[in-house]
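To start, the structure itself, in structure tokens.
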Amino acid sequence: MNALAATNRNFQRAARILGLDSKLEMSLLIPFREIKVECTIPKDDGTLVSYVGFRIQHDNARGPMKGGIRYHPEVDPDEVNALAQLMTWKTAVADIPYGGAKGGIGCNPRDLSISELERLTRVFTQKIHDLIGIQRDVPAPDMGTNAQTMAWMLDEYSKFHGHSPAVVTGKPIDLGGSLGREAATGLGVVYATEALFAEHGKTIADHTFVIQGFGNVGTWAAKCVHERGGKVIAVSDVTGAIKNPNGIDIPALLQHKEDNGNLKDFPGADTMDPDELLVHECDVLMPCALGGVINKENAADVKAKYIIEAANHPTDPEADEILSKKGVVILPDIYANAGGVTVSYFEWVQNIQGFMWDEEKVNHELKKYMTKAFRDIKSMCKVHNCDLRMGAFTLGVNRVARATLWRGWEA
């Protein structure tokens, strides 16, 4: 099931549980605006090449729209639509004053030089500058983009609108980026996990963890779990998978990855089949990489008691049903990985105020938001007698629906 179908299905279930009016339900699903632009740039060899860029702005009932920009060869409008919608619910669950958006350019960033990437980013920004803005739509980095991409966007946007640091988040610290942004998603995942365990009177130190994906989110999650006394017993990334039943020394593994660029040949663990990782014996499974990795083929073999969805949409709806019958507790992506967008919000707030916070304050506020969101989800679960995913979806959808009704949506 693709991301759009799955997101729509979760939305419709939430709308049914909430008893939303069918016209309101329909209007919440339809995106506010879809932008498609041709970005033509000269390549370094002098030839002209054109890429399609777009931005889907889903909903702005609760505030400016917010979401990443990805540079990827398969930027599929359907998937971007789903991710824009997911951002609308995610910002509502975290209770930050944003709506949802997502965008991207269909290119392979690895095939482009730095100067070609800069030209492409600037042309894209020129084409959409009057449709984004501090109170309109605030982009952020995503797959294939980074702080440098945001710096170029900020510079190009500022040529039209004057210096506007708050127009994008995920910027370099020197241009008004926030401390703690780098670790935010992974740390948020750990705060979410702590909130879940606290409810059962347990801590991270009582559990064993398997982490799939060792990029930004996976490495920070592993680091924070390790610091809190949790045992990470298996890890994988695109280069392979490793395990050690007594726990992997995460700082040593991070050093090894930095030196060698991969996980294999790490002396403190044995190699394993990456496909076996998801069904490895453990308490907590954290998928931190791609969507759709837990599906109806492998769900029955998952041995974890908890799945913390650090990636977007890692569990298919069919797998959801199999796992909930087995009593596996799933902490859903629209809550578990909201740490990134929450600290993006903090960055935007700091830029608007022109007053920057220290890292301690950023992390303290992040923990406060993640803990409160978990309590809000749990109270929705009690009211509607549903699992955590539907608790999160009903919470998010309800907040957006209420804002929409207050603003008067039929006029």
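One-based numbering along the chain as shown.
The backbone N, Cα and C atoms fix where each Cβ goes, and this holds for glycine too.
The feature active site, proton donor is assigned by TrEMBL to Lys102. What TrEMBL lists as substrate binding site is Lys66, Lys90, Ser344. Per TrEMBL, the feature NAD(+) binding site maps to Thr185, Asn216. According to TrEMBL, the feature site 'Important for catalysis' maps to Asp142.
Mapped onto this structure are the features recorded in TrEMBL.
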{"residue": "Lys66", "record": "substrate binding site", "Cβ neighbours (10 Å)": "28"}
{"residue": "Lys90", "record": "substrate binding site", "Cβ neighbours (10 Å)": "27"}
{"residue": "Lys102", "record": "active site, proton donor", "Cβ neighbours (10 Å)": "29"}
{"residue": "Asp142", "record": "site 'Important for catalysis'", "Cβ neighbours (10 Å)": "22"}
{"residue": "Thr185", "record": "NAD(+) binding site", "Cβ neighbours (10 Å)": "24"}
{"residue": "Asn216", "record": "NAD(+) binding site", "Cβ neighbours (10 Å)": "17"}
{"residue": "Ser344", "record": "substrate binding site", "Cβ neighbours (10 Å)": "27"}
Other residues, Cβ within 8 Å of Lys66, Lys90, Ser344 Cβ centroid (substrate site):
Gly67, Met87, Thr91, Ala94, Ile96, Tyr98, Gly100, Ala140, Ala338, Gly340, Val341, Thr342, Tyr345
Compare the C-alpha of Ser344 (substrate binding site) with the C-alpha of each of the recorded positions Asp142, Thr185, Asn216, and give the closest one.
Thr185
Please identify, among the recorded positions Lys66, Lys90, Asp142, the one with the smallest Cα-Cα distance to Asn216 (NAD(+) binding site).
Asp142
Express the distance between the Cα positions of Lys66 (substrate binding site) and Lys102 (active site, proton donor) as a whole number of Å.
7
Distance, Asp142 (site 'Important for catalysis') to Thr185 (NAD(+) binding site) (CA atoms, angstrom):
12
Rounded distance in angstrom between the Cα atoms of the residue listed as 'active site, proton donor' and Lys90 (substrate binding site):
13
Pop the Cα-Cα gap between Asp142 (site 'Important for catalysis') and Lys90 (substrate binding site) into the table, whole Å please.
16
